[in-house]
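Working notes for the structure below.
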Amino acid sequence: MGQDQTKQQIEKGLQLYQSNQTEKALQVWTKVLEKSSDLMGRFRVLGCLVTAHSEMGRYKEMLKFAVVQIDTARELEDADFLLESYLNLARSNEKLCEFHKTISYCKTCLGLPGTRAGAQLGGQVSLSMGNAFLGLSVFQKALESFEKALRYAHNNDDAMLECRVCCSLGSFYAQVKDYEKALFFPCKAAELVNNYGKGWSLKYRAMSQYHMAVAYRLLGRLGSAMECCEESMKIALQHGDRPLQALCLLCFADIHRSRGDLETAFPRYDSAMSIMTEIGNRLGQVQALLGVAKCWVARKALDKALDAIERAQDLAEEVGNKLSQLKLHCLSESIYRSKGLQRELRAHVVRFHECVEETELYCGLCGESIGEKNSRLQALPCSHIFHLRCLQNNGTRSCPNCRRSSMKPGFV
């Protein structure tokens, strides 16, 4: 298959894909890969296969095609293509919750010589890196990466990238419990979709609605949460977007749990868990198990809650997500306290405080924890976060966290 025919077939696949005939599109692209001798065409079709498998939640397949794409980029001896293929490799690992690998591949991207693609893709590299740091609960570096990605988006008038970064920032602030910002950023993403997104994939609308649903639930606005989640789920079902379907099911389950309707919550947690296990979203499985554990606690079935916590803890440690570990130790602590088991209680108290230290989830000005309850937060230019009230009361010209770490004794 020559260059022109390859190009034709790739376009045919794209048209099928955009009209939701995904399996037919995959067949066309796979045939191109088998028959085409045109390296440029092969590189492009591998990019299409990476994106399609990502949206379907077939992350192991996505990773496989990303690896082949790197080999093709090396054959082409082009730094632009190499950057693009390393970014796809980083994203594949991000989806599989291999966050340390993601960060490593993103650093490889940033270390490549300055290229035309570097200007276009630098923001996406920073976004993927931020998502990976967030997956590891390294909050300062996550925020630093997101802000860098946002600067790329603004400097290049890239509204699509800005939309994705706003969704990630929504997730960031939901985790550190500044619910006002957790809602502000996905609302900003939805506004970008309305203003610029006529020709965009509907997944951007679905993504912003999902993150709005999460924030509304945390704020106790359960009707609005349900409305946004239903809209997101509708698009996810239309497009066969399995990863988003799983997230919506998890959000529905959390909404029903918040309403005290445990009968309805349990099967939704099970469905979310089933899809997340199938696609390999281990962090999503941790969140589903945490929700299940909270349901069992509400029913006073403490041993069943501890079973769910144990499974979640294993996964959270495997993935390296410190915030989930912290939440699980906190829940275990309250269970063992009510059971009157002092030895187990003490062990979880110790681990809980270790996790707080590791995540640096405390305000460097007042010393109180961050992320325990909803409070307004503010980041300094170094991306360390503090209670807004503390910054207003104390006023700070330099970051106390940075000051402290620079004073730590080093090895000479």
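Glycine residues also receive a Cβ, built from the backbone N, Cα and C atoms like all the rest.
Sequence annotations record features per position, and here Swiss-Prot assigns N-myristoyl glycine to Gly2.
The repeat 'TPR 2' annotation in Swiss-Prot covers 83-116. Shown for the repeat 'TPR 2' (83-116): DSSP residue counts in helix, strand and coil, namely 27 helix, 0 strand, 7 coil.
Sequence-distant contacts of the repeat 'TPR 3' (123-156) (same chain, six or more residues past either end, CB-CB distance under 8 Å): 87, 90-91, 93-94, 97, 99-100, 102-103, 106-107, 109-110, 162, 164-165, 168-169, 171-172, 175-176, 283, 319-324, 326, 358-361, 379, 382-385, 401. As annotated by Swiss-Prot, repeat 'TPR 3' applies to 123-156.
Taking Cβ pairs closer than 8 Å, the repeat 'TPR 4' (163-196) reaches residues 123, 127, 130-131, 134, 137, 139, 142-143, 146, 149-150, 153, 204-205, 207-212, 214-216, 218-219, 323, 361, 370-377, 385 in its own chain, all 6 or more past its ends. Residues or ranges marked as repeat 'TPR 4' in Swiss-Prot: 163-196.
Here the Cβ of Tyr196 (phosphotyrosine) has 15 other Cβ atoms within 10 Å, regardless of which shown protein chain they belong to. Swiss-Prot lists Tyr196 with the feature phosphotyrosine, giving sequence analysis as the kind of evidence.
Per Swiss-Prot, the feature repeat 'TPR 5' maps to 206-239. When pLDDT values are averaged over the repeat 'TPR 5' (206-239), the model yields 97.
Marked as repeat 'TPR 6' by Swiss-Prot: 246-279. Outside the repeat 'TPR 6' (246-279) by six or more residues, the chain places 57-59, 210, 213-214, 217, 220, 222, 225-226, 229, 232-233, 236, 285, 287-289, 291-292, 294-295, 298-299 with a CB less than 8 A from a CB of the stretch.
Secondary structure of the repeat 'TPR 7' (286-319) per DSSP, as helix, strand and coil residue counts: 31 helix, 0 strand, 3 coil. Residues or ranges marked as repeat 'TPR 7' in Swiss-Prot: 286-319.
Positions annotated as phosphoserine by Swiss-Prot, on the basis of sequence analysis: Ser405.
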Per DSSP, three-state class assigned to Tyr196 (phosphotyrosine): helix
